[in-house]
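A.B. asks: Pasting a structure here, questions to come.
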Amino acid sequence: LAMGGNYTQPKFILLGITDTPWAQAPLFVVFLLIYIVTLAGNIGLMVLVWVAPSLHTPMYFFLTHFSLADVCYSTVISPKMLTDLLFGDKTISWAGCMTQFHLFALFVTAECHLLAAMAYDRHVAICHPLSYVLVVSPRACWQLVAWCYLVASLCALLYTGCTFGGSFCGPHHVDHFFCDASPVLRLACSDTHGCEAAIFALAAANGLGTSVVILLSYGRILHAVLGTSSAPSRARAFRTCASHLVSVAVFYGSLFFMYLQPASRHGSRDKVASVFYTVVSPMLNPFIYSLRNREVKAALGRCGRMVLNL
């Protein structure tokens, strides 16, 4: 990274979601409740999978890492946003801004690849049940998760280098509620076309590559279910796939809107799109992917009875 940015632009000012004074307190309450639900749902799921032997399966192994990614990147964004809304001190150091963006890029990219791994796991389980134990072995699960984090780490380094590698000579104001690539690059006084093209290409490779895996996997699942199952099983499979695909559509749709459009088209709507994948999606995922499952409900019931007996 060029050290010039660290001297010429020592601090940024996050303009936040809105500059309307009367809206600050209601937004603080709403986003605080969402963050609490996000932590409770995702951490609760991780603890439940850890203590319930019936959930020690590949599907819930991937879900725990998915929940971990949700908790991590939500925590990278929400506490700073909440303190800005509550206290009004919206300054963030250059190093803090870079760290926030790097961790955000790391966990969001990991989540994209974890979604693809989860879709592949369900595809093998439903379409190739006889070979499921061999294909999705514990060793294969760890390799897939390690691959997700490795790719995410490398991509996050490239995203961060492209975003913060130039010089920042003013103004100080980041027109966003967190340090994201596009609003930060608008503050650079060096040429950013190459960096914007690199970020676009990398985001397209990650987003489109993983989304194709997800769509193909669910397409094969629906084809297999339609051909072999009874009417109630088909209806249940449709409901499950539909809820998963709605979650994927919200997550990927807002990401694509943010990162797969020309820099000249970015504007005030970016903040609305960002709220969906940074705040709303991490809150909804535990309910969509796990808490509607019979296995999770049964494990929750058993844990509840154990607590009551104690």
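A Cβ is built for glycine as well, from the same backbone N, Cα and C atoms used for every other residue.
Got these off TrEMBL a minute ago, pasting:
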- 41-289: domain 'G-protein coupled receptors family 1 profile' (DOMAIN)
- 27-52: transmembrane segment (TRANSMEM)
- 59-81: transmembrane segment (TRANSMEM)
- 101-120: transmembrane segment (TRANSMEM)
- 140-159: transmembrane segment (TRANSMEM)
- 197-216: transmembrane segment (TRANSMEM)
- 237-260: transmembrane segment (TRANSMEM)
- 272-291: transmembrane segment (TRANSMEM)
A.B. asks: Counting Cβ pairs under 8 Å that sit 6 or more residues apart, are there three or more between the transmembrane segment (27-52) and the transmembrane segment (101-120)?
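C.D. replies: No, the stretches stay apart by this measure.
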A.B. asks: Please figure out which one of 59-81, 140-159, 197-216, 237-260 racks up the most CB pairs under 8 Å against the transmembrane segment (101-120).
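C.D. replies: The listed stretch sharing the most Cβ pairs with the transmembrane segment (101-120) is 140-159.
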A.B. asks: On average, what pLDDT score does this prediction assign to the domain 'G-protein coupled receptors family 1 profile' (41-289)?
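C.D. replies: Averaging the confidence scores along the domain 'G-protein coupled receptors family 1 profile' (41-289) gives 88.
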A.B. asks: In terms of Cβ proximity under 8 Å, which residues at least six beyond the ends of the transmembrane segment (237-260) contact it?
C.D. replies: 108, 111-112, 115, 180-182, 199-200, 203-204, 207, 211, 214, 218, 221-222, 225, 229, 269-270, 273-274, 276-277, 280-281, 284-285, 288-289, 292
